[in-house]
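A short worksheet on the structure shown next.
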Amino acid sequence: MISLPVVALCIFTCGLTTDSRVTTSENELPETTLSLPEITFHVVWTSPVSGYVANSCQDQPDACGKNTSYHLTLPENHVAMVSFPAFSLKDEQYVNLYAVTEGGELTRLWSRSTTTPLGIPVELVNTSLFVQLVSGREDRTSESFKMLFSFHPVSNYPQRNGDGLFNCSSADYTSFRHHLDCNFLIECLGLEDARDCPGYEPESQKVYRIFRRMGAGAMSWNDGQERCRQLGGDLAMMKTMAEWNKFYQLVGNVSPPVSYVVWVGIHGFDLNVPDYYRHAYFWLDNTVSYSVNLTHFHYQSVQGRVCMYHSSNRKRQLCFAACNFLYASAYACQVGRHQSSEESLRAVEFPELRDLIRKTTNQSFVRCENGGHITHSFLSCDPQSHCGTGQLQFDCSISNTNASGASVTSKDDAGLAEGNIRESVSDDNNDASFKAAEVRVAMFVCDNGRRTVPYSLVCDFREDCDDASDEAWCVHREKCAGFTCHNGQCLTETAHCDVRRDCWDGSDELCDHIHLLTRTISRMLPPTLISFDGQGNFSQTPLSPSDSCPETHLRCSDGNCLPVFVRCNGVYDCSDKADEVECDNVTCPGFYRCRSSSVCVHPDHLCDGWPQCPQRDDEWLCQAQCPSHCSCHGHAFVCSRPFPAPSFPQLRYLDASGSGMTMNDVSTNVYLTWLRLASCGILELPVMDLPNLRMLDLSDNQLTTLGIDVFLSLTNLVILRLAGNPLLSVTAGNNFTQQRTLQVLDLSGTFLTSLGSQSFSGFPELRTLNASNSKIEVITEDGFLHTPKLGVVDLRGNRVERFSVNLFNGLKRLVAVYSDNYKLCCRDTLPSNFEIDSCHAPRDEISSCEDLLRTDVFRAFLWLFCILACLGNAGCLLFRSFVHKTSLSSGFNVFVSNLGAADFLMGIYLAMVGGADIAYRGQYFLSETAWKSGVVCQAAGFLSLLSCETSATMICVITLDRFLVLRFPFSRFHFKPRSAVLACVAVWLLGVIIAAVPLLPVTSQWQFYGQTGICIPLPITRQSFPGQGYAFAVMIVFNLVLFLLIAAGQVLIFWTIRATAITSTARYKSKEMTIARRLTSIVVSDFLCWFPIGLLGVLAATGTPIPGEVNVAVAILVLPLNSALNPFLYTFNLLVERWDRQEEQRLLKALEEQRDQD
């Protein structure tokens, strides 16, 4: 047994409303209803396996207006097929279809109440049927109900395919054909059930039928469409002559032949389609009706959309009325095969452009590389114009203008000023003068950062940013004497409700009534040449099938030639809809491509007085002029000389850097959004009233003072650039009203020395502050008190030494800090929620926020060298003063003792730095300024430099002394103790002078010894500091000279010793060689200390980058090394010599004793 639903049929009358169609659900019918007294339907058997159940007051008077039913028993191993060729009931009557189970229970399958005669599909069931008619009143008027049934063996019963259609070409079709014929439902795969029907049109394979609403009043077009859809179709659409002939044949056969009107499937203009269709009409499948003769019938104004009807009084002509108007008594429906999907259609092809010399205006156009289409030059970087790289562009390169102000796109475009655009547009850009004339124009960046928009499109009432940020803030001060759109756009009163969207937001057409003119229009069937006039009308010119379309048009499969701009405009102009296929792949080669769409416009239609593009951009700026000495990018100008700006009231963007223009020159350009007057020699600013200005650049002018009150009228100002001005102060001015839109302030390169609470009190919305490369040294504790939303602060290039430890604590939105002072990036200075890695400052290689010496390694070596220098040199002095009283030669002992004293000062210096490190442990950054500028650090630095230079000079003098002794042993020109003391005094005096120069009043501003935490600036870094030249001259140049003298002296000493080695006594030679070795070891140690410093200093002076770690190693490990090693080198030699001499004497004494014993 097959598994098909069991069906019974019932008709009930249960008080339904007049217009009810499909009525109650299964749960709404109580089971008690089935037990009501019922009358059995009249059954007629037309064969042993087929028949019908019928009911009418004429054939069965006793059942008229009463509940009636019939139980149809299904033969075993059969399937029942049922259909309803007649189904016309009164109101308050309906039919239910029940399945009868094997236990006799009823299960309702569907329930209907209808005034629709057709549209019930054939049913296949495999059990008995139960039919019931229920009426809520006893009405003796005639009603019609008929159900056909037939029984088919299970082994050979009609079956539907996957689309629900029967195979009616089989031999057994005759056994169920009476169920399907002309029931206005396409249920045969080959349309066999429709071919013999009066409304069948074979060419389009459609079936038309006219239905009349009898005795129930008129219906609206909307009602008719709803009824047709219930039947699985639509109101009738006739696009070909064959279809029209079939329609008029049905109209002529309507019975009874009385006056009536019939709704058909065509309606009027929809505001969602372009304006040039304003007087066009559309079939229900949204294709344009180009071939319908129509009349606006008697209505000067209607409510809502208008729809079409046919009147029997107007032959072969259709008329219009409001779609919701209860007017017609009939409606024409159609059913048929579904048309092929758009995927299977072949797109219409664009014509090939042959002659590209087109009329246009002096507005510049460019050819886009990605697609080959053309667009306005000011849209060349607009992502919505499909031109450029396809990536987000924040500025755009544009070409300059010629002397007359006409825009040029290539050197061959001589005819453009006369109104021609040539094929060479933007193809020949290799001219050197053209390249040199290119300038860059910034793009407006939407607030969400997803799009950039040309400034020419800002504040034009149309939202180009997806967050509306290009329009939301705009101020429009013009008073509107006509109709004001919801978006503020101003129109004439005649533009209101004229079935044409003039407001960008369409608010001018939110109307209760639409005005129509009474007129008759005659149309032609394809093929025709269709042209639009821009006023909503189109004209037709007949064509023969062999005629080709002009290059401004493309051809549809029906033969019509349509303008190129209807391709992919969202409206089906070709009857097969092929003009809207593959629109995602359209590139418009050689044509103008409309913004934010795939619509292509032929060059002949650019600037022709009416728009073809959805955004009307083909008509933008057609009459725009460009001043002399300016490059124009729509409403964006880049000018090198002054021009009459008030003559360009739509100016949005102006870069007049170096032109000499002032704010007074643009005071009336209220739509200015971006303004740069850099390097214009501006001395002072007037109070400015430019309500739409968002970016103002006054860099590199001559402004010395600035009051915030001059910006208060700039109610949309977001970015203010004052870089490079000799500003000495920024104050709140005389008016303490705040400017609440400024977010970016650039004060870089100014002469500001401090930032206080009054500097930014007028800018509470400030997000970004750039004060780099100024002269700021002090930031008061409340410097950022009035800018709680500050997120980025740039203080690089400033010697910010005085600031509060809580400077940034109140800035909870701070995300980035840039500074040259690492102390501004200490944890205690920043907000608690701030990411420390987002604070960018060069790390102090020596110190940290917590400690003067950032690592324990530095600390360990510092104390090691301190101990070695102090103990070693102190021991040396004591040894030479009290133990080793004799000298090898005259004056030598004086020099060595003074050398030890000089090196001892280095130990004192290291002890002072180490003590400060202990004193400031854990909170160094709070006391760094006090330490560096304090007396202790200055004294430590003085001692360090004094030690270094005195030690080096003393070694040079000792080298000279040794050379004189060895080279001229019998000369009178030797250092005696007295002359040695005088020489040492001179050396100490020189060292004091060198170390004291940075402390003089004329050099005190250097803060020479306060450059680093260790109080000695080494010139081995590329970073400049005050007094760097002096440090380089002393520590590099002077010490290099000393080193060269010492090296030369040692070479001479070596050659002298070698020359006298033969003539000298062995004992004298041994003593002098000992002295030479001792001095050589001292000189070598000095070389190893000062050579790295000199080499690094020279490399740094030539720009070679020196890692910061190297600087630290030199300062902590190399600089004090010589002072720590010197005493051990020459004192150790003396001790060894003394020990050797004692050992020699002991051996001699032992030998003498041995000889005496012998």
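Just so you know, glycine gets a Cβ as well, placed from its N, Cα and C.
The signal peptide annotation in TrEMBL covers 1-17.
TrEMBL lists Cys459-Cys474 (among others) with the feature disulfide bond. Within the same chain, the residues at least 6 positions away from Cys459 (disulfide bond) whose Cβ sits under 8 Å from its Cβ are Asp470, Glu471, Cys474, His476, Arg652, Tyr671, Thr673, Asn692, listed in sequence order.
Summarising the annotation, TrEMBL assigns disulfide bond to Cys485-Cys503 (among others).
Here the Cβ of Cys561 (disulfide bond) has 23 other Cβ atoms within 10 Å, regardless of which shown protein chain they belong to. The disulfide bond annotation in TrEMBL covers Cys549-Cys561 (among others).
When other Cβ atoms within 10 Å of the Cβ of Cys556 (disulfide bond) are tallied across all protein chains shown, the result is 23. Taken from TrEMBL, the feature disulfide bond covers Cys556-Cys574 (among others).
What TrEMBL records for Cys568-Cys583 (among others) is disulfide bond.
Residues annotated as disulfide bond in TrEMBL: Cys588-Cys600 (among others). Long-range C-beta contacts of Cys588 (disulfide bond), restricted to its own chain and to partners at least six residues apart, with a cutoff below 8 Å, comprise Phe350, Gly371, Gly372, His373, Ser598, Cys600.
In the shown protein chains, 22 other C-beta atoms lie within 10 A of the C-beta of Cys607 (disulfide bond). Annotation comment: TrEMBL describes Cys607-Cys622 (among others) as disulfide bond.
Through the fold, the transmembrane segment (860-883) approaches residues 853, 893, 896-897, 900-901, 903-904, 906-908, 910-911, 913-914, 917, 1116-1117, 1120-1121, 1123-1128, 1130-1131, 1134 of its own chain, all at least 6 residues removed from its boundaries and within a Cβ separation under 8 Å. The transmembrane segment annotation in TrEMBL covers 860-883 (among others).
For 874-1130, the entry in TrEMBL reads domain 'G-protein coupled receptors family 1 profile'.
If you look up TrEMBL, you'll see 895-920 (among others) marked as transmembrane segment.
Summarising the annotation, TrEMBL assigns transmembrane segment to 940-960 (among others). Listed as Cβ neighbours of the transmembrane segment (940-960) (distance under 8 Å, sequence separation of 6 or more from its ends, same chain) are residues 892, 895-896, 898-899, 902-903, 905-906, 908-909, 912-913, 983-984, 987-988, 990-992, 994-996, 998-999, 1008-1010, 1015-1016, 1034-1035, 1038-1039, 1042-1043, 1045-1046, 1049-1050, 1053, 1079, 1082-1083, 1086, 1090, 1119, 1122-1123, 1126.
The transmembrane segment annotation in TrEMBL covers 980-1000 (among others). Long-range contacts of the transmembrane segment (980-1000) within the same chain, counting only residues at least 6 positions beyond its ends with a Cβ under 8 Å from a Cβ of the stretch, are 890-892, 894-895, 898, 902, 938, 941-943, 945-947, 949-950, 953-954, 957, 961, 1006, 1008-1009, 1027, 1030, 1034, 1038.
Annotation comment: TrEMBL describes 1030-1057 (among others) as transmembrane segment.
Taken from TrEMBL, the feature transmembrane segment covers 1078-1100 (among others).
Annotated transmembrane segment per TrEMBL: 1112-1136 (among others), in sequence order.
The Cβ of Cys583 (disulfide bond) has Arg567, Cys568, Ser598 as same-chain neighbours under 8 Å, each 6 or more residues away in sequence.
Taking all protein chains in view, 26 other C-beta atoms sit within 10 angstroms of the C-beta of Cys600 (disulfide bond). The closest partner of Cys622 (disulfide bond) among the disulfide-bonded residues, by CA position, is Cys485; the full candidate set was Cys485, Cys549, Cys561, Cys574. Annotated pair Cys561 (disulfide bond) and Cys607 (disulfide bond), C-alpha to C-alpha distance, rounded: 22 Å. Of all the disulfide-bonded residues in the record (Cys485, Cys549, Cys556, Cys574), the one with the smallest CA separation from Cys607 (disulfide bond) is Cys549.
Fewest Cβ neighbours within 10 Å among the disulfide-bonded residues Cys503, Cys549, Cys574, Cys622: this applies to Cys622. Annotated pair Cys556 (disulfide bond) and Cys549 (disulfide bond), C-alpha to C-alpha distance, rounded: 10 Å. Counting only residues at least six positions away in the same chain, the Cβ atoms of Phe461, Leu491, Asp502, Cys503, Trp504, Asp505, Ser507, Asp508 sit under 8 Å from the Cβ of Cys485 (disulfide bond).
Cys549 (disulfide bond) and Cys574 (disulfide bond) are 14 Å apart (CA-CA, integer value). With all protein chains in the displayed structure included, the most crowded Cβ environment within 10 Å among the disulfide-bonded residues Cys474, Cys568 is that of Cys568.
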